[in-house]
Amino acid sequence: TCSNLPEFNSQFLWLLRVFFFPSPLSFSLCPGAGGWSPLSSDRYQWLEVDLGGRTRITAVATQGRYGSSDWQTAYLLMFSDAGHNWKQYRQEGSIGAFAGNSNADSVVQHKLQHQVIARYVRLIPLNWNPNGRIGLRLETYGCPYNSDVLSFNGQSSLIYRLTPRPRQMSSESISLKFKTLKNSGILLHAEGQNGHSLTLELEKGKLQLLIRKGTNLRFLFMQCGNCLQMAERHPPRSCRHFIVSACLCTLSPVQMILGAQQGFSYTSFYGCLENPVYNGLNLVDLAKQKDQRVTGNVTFSCSEPVFVATTFTGPQSFLRLPRIDQSSLGISVGLQFRTWNKAGLLLTFELPNREGRVWLYLSKARAHLQIHKSGRTYMCGSSGSALNDGQWHSVDLISGGGRLTITVDGDEGASAHASPSFLITTGGHIFFGGCPAEENSQECLNPFKAFQGCMRLLTVDNRPVDLIKVQQRLIGNYSHLQIDMCGIIDRCSPSHCEHGGSCSQSWSTFHCNCSGTGYSGATCHSSIYEQSCEAYKHKGNISGYYYIDVDSSGPIKPQLLYCNMTEDNTWMVIHHNNTDLTRVQPSPEVNTHVVHFEYASDEEQLAAIISLSEHCEQEIAYHCRKSRLLTSPEGSPLSWWVGGPGVGQMHTHWGGAPPGSQQCACSLQNNCVDSRYHCNCDADSNEWTNDSGLLTHKETLPVRSLVLGDIQRPGSESTYKVGPLRCHGDKNVWNAAFFDKETSYLHFPTLHGELSADISFLFKTTSSSGVFLENLGIKDFIRIELNSSNEVLFSFDVGNGPLEVSVKAGSPLNDNRWHRIQAERNVKEASLRLDELPAVTQEAPADGHIHLQLNSQLFIGGTASRQKGFRGCIRSLQLNGVTLDLEERAKITPGVQAGCPGHCSSYGSLCQNQGRCVERPTSFSCDCSSSAYTGPFCNKEVSASFKSETSVTYAFKEQMVNELNRSSSSSSSFPSSIYSDITLKAENVSLSFRTSQSPALLLYVSSYHREYFAVLLSNSKDAEILRSKVKNLADRQLHVITISRLADVVSMQVTHTCKQKALNPLCACLFSIDSEGLDPDLAQIASLGFTGCLSAVFFNSISPLKAALLHPKTSPVTVTGPLIQSICGFTSANLSHATETTHHLSGKRPLVNAIRSDSALIGGVIAVVIFVTVSSLAIMARFLYRRKCTCQRQEVKTVKPEDNPELPFRSRITSQNGPTENQKEYFI
């Protein structure tokens, strides 16, 4: 029914009865004149509607006052069951304001995101037409609601006995709503058989579910909320319904107790339960019908005391109350409060005659009292703790009889007492929460933060304060208060902290503590670990244990895996509980031997790793004597293994054979010991043999168990081995697409990131601008673009208006090199990171919209809004940890090419020590053939220790050199590697050594013309010596020598890793000519040999030591005596550099591991003899012959690096933990 509504003063409540019909309901507001318009237009007016009973409310609609300029543009909605203790309706959990009207006639309707069940509705105008007044016509939508309640007084309970037990059901559930004014109490206790039970209880305002199985007790779910003791009904949310249902299904309860009964060990419940339903049975109806299965002493109504609360919303909030008993010689003030803030003013007042002031305030979540009088400050104690937990706390301030007392939560034992020498009272006003904003207000001063939270049950001089009269301006004064409601928001329930991050909060925001989670960001959303070993490798890391997060920001936890980076392929290694060769020990009563393998990774982690990798393999081996493997005489399989996802499937093929073949590798290679059988072991030989190979079909991995059947016959012996699971290749890292036109793009399904979304990818381009990614909604959008040649822009809109985050680089981004972008948006902030620059963040608006609502396709490399598209490459695009397959989509999209070459331009610098970057279709590798080093990045030194009789000779054929010298065009006739080894104008020599011997010959180069080049430790003072002044080179520490010549200019550099000591041995570079034979002094030193270690020996582009150790059969080397590879070239500093300290989660032991190599030698003191002879080319003799005259030391000068393009050693040494300037000495 519609009627004209007269104007009313807001001190009176206008109760409007609205009839409801089942939704949907056709909309119609009053077409005639009229509407509600209060006499005063301010924010303290409201319109209240009594619906006559609890009703399910689904929508509201408003119009302005008919034929006027009166309408509201924004308003709040409040709901209540009893006409007090109002609850504000908030959209998306935090937004309180609804958009109103823009004129007097149009209808604005809002469907409530979550339905409300209440009897009373209150609308509070916030803003209105500035050229008019508040004017309103209101209609609500909904449907009837049935409410059956039970009231519990702390001693009552309702017991439902399921005897006889009904038949087993596929699912069982119980649902209920509750409201209480106490923060603890049992809601439900269900008992099953064999001591099993389930308990749902409220503990300090938080729901927790406890499950007991016999003597085992565990918490299944905790922290469902912090404010659940408020006087309003709380339905356990859907996830809680699910948990309760799942537990009841396995519990099979025989008795359920609502509330608590006498003698029960848990806290009794005090409050009301509404509509408790078990498996479709309404327990209230059963109790009313006096069903014999239900007993209890409850009532069927719900009454509650009237507690009028008030909310202090911000810094401008205050409440001023007068003294009631002016004649009192003391003062007594009491209140209850709740807050999330650790600090804030509770109350303050002046001492008589303005002699001083008293403050009762919160600091560090404790209550403190401070008095200022006659220029002095008195701290009168503190009381309480953790008073910012969102619960109701009481505080009482009592002064009288020369004694001052502060009591928190009625705990007399923890009260703070003081005995001031002056009277604590006031003849003026008491201010609560804060002070007026007027600058000339001397009656109230607040040096502390204003209080934000709720207060109730205020008393002054032991008399209660009627806050309704305060609201009606009959008592005291106030500003920016919400009276008759507590508007505290629990921002940690549900928690927006992901991956186990802990949530804490203040009045206006929340904070996530991500310590120990492996994730970072405002909501612990982004993983701090890489997704694969491949990703770690291409950040320059070495072999070791690393935490791998296979789905990045997804739900799978990080896992500690070993990454083997010593090969071209980077392997992830997942170990299990038995990777050793194990002898089968048959049991007398068991015909088969069954082995189960437990892996270091969880099931979901294993599945993700296998799916992520390009290739996986697992070694399986069976060594046998008189023990058949697969085939019995009857043809049935004797043994098998179980592998694959989940519980796995049975497989009867062996390593190296295809699935389903029931064969071994020897059958495919036609080399089985008996051609009649498909496996070596099936020949049933009396001699030991074996079947081994690799299982490489990913869908059959990992191996989960092994069953061996032929183990009980007399004489049967066998051993088995199942190696770790090894996978290489990250399909995500190199998944790329090339957009060759600005109008080309790829499209994918809509991005789902309502509350949080992270986007990461790499790009390279020569264009100065273009859109990388865009997804649109009706109003919302998200976009990442190259805004200029040095700026990346991340923008989005979730309903609060566009928000932008930009990062500017110090150099152009259109340099055709790979650059990495990481963008994240969550309910707290947005962040953008470019390459290794610091992340830029932008906070989200407080209490704004938080849901990103998109509905169009996701565009990659282009845009639906006709902006300029991107031209270039995009690689490894991930949304919320899921990689988009750009290559597959590019194959079917015109204007876009799958893949993107050119990785060396970005990653070539990873190839060290003259290593050369080699392009691959989806990766790159380092060619170390021209380097004295080896390893994936040419950064692993090649070192060796020798005995005194050992020698290595590296020789060239002189006729090849002569052929080169005869023809000026012959440079094209020989391989470039040979040509690069021979230079007419320059030589470059470097080596590392470790020794305690002196004198000693380090390096000797001779020619066919009896000319030589030698590097030695010697006491000689001959004229033809280029000498180092570095002392103590024979100290068993590692030293590096670098010698370079360009024409007539020679330089030598000696680096050392130890402190200098005044010892005789000196390092010298000797240039001398002796046509009659080897210099006698040099021959004598050479006869002594060399005791120590040589490493990374390099002569021009020749690495003789590397050739002898790694390629002895294909290199022109001659080795005499034993030659042992070692790691003696590493210093302690090198080892610390080569050691990876594993990232670790809290509570887990960190692992430290060094580089692995095929050599088993680790550490130790090395003292062996080395003598290396390197036979050089005739061209070297020409150089030496030109220097036949005596060299004067002043003629030898240092070569500047920029003057010599053929001196790579300084940069190489620098990249290898070279010493700083104070550790280097240059000598000429």
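Placed from the backbone N, Cα and C atoms, the Cβ positions cover glycine too.
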Exercise for review: Regarding the disulphide bond with Cys873, report which of Cys900, Cys904 TrEMBL records as its partner.
Suggested key: Cys900
Check your understanding: Short question: which residues 6 or more past the ends of the domain 'EGF-like' (901-939) have a Cβ under 8 Å from it?
Key -> 537-538, 540, 542, 565-568, 570, 733-734, 736, 764, 816-818, 873, 977, 980, 990, 1096-1098, 1101, 1103, 1105-1106, 1110, 1208, 1212, 1215-1216
Review point. Just counting, how many other CB atoms are there within 10 A of the CB of Cys900 (disulfide bond)?
Key: 25
Exercise for review: Would you report the average pLDDT that the model assigns to the domain 'Laminin G' (735-900)?
Suggested key: 91
Study note, to complete from the structure: Same-chain residues at least 6 apart in sequence with Cβ under 8 Å of the Cβ of Cys873 (disulfide bond), in sequence order, are Ala736, Ala737, Phe738, Phe739, Phe763, Lys764, Thr765, Cys900, Gly902
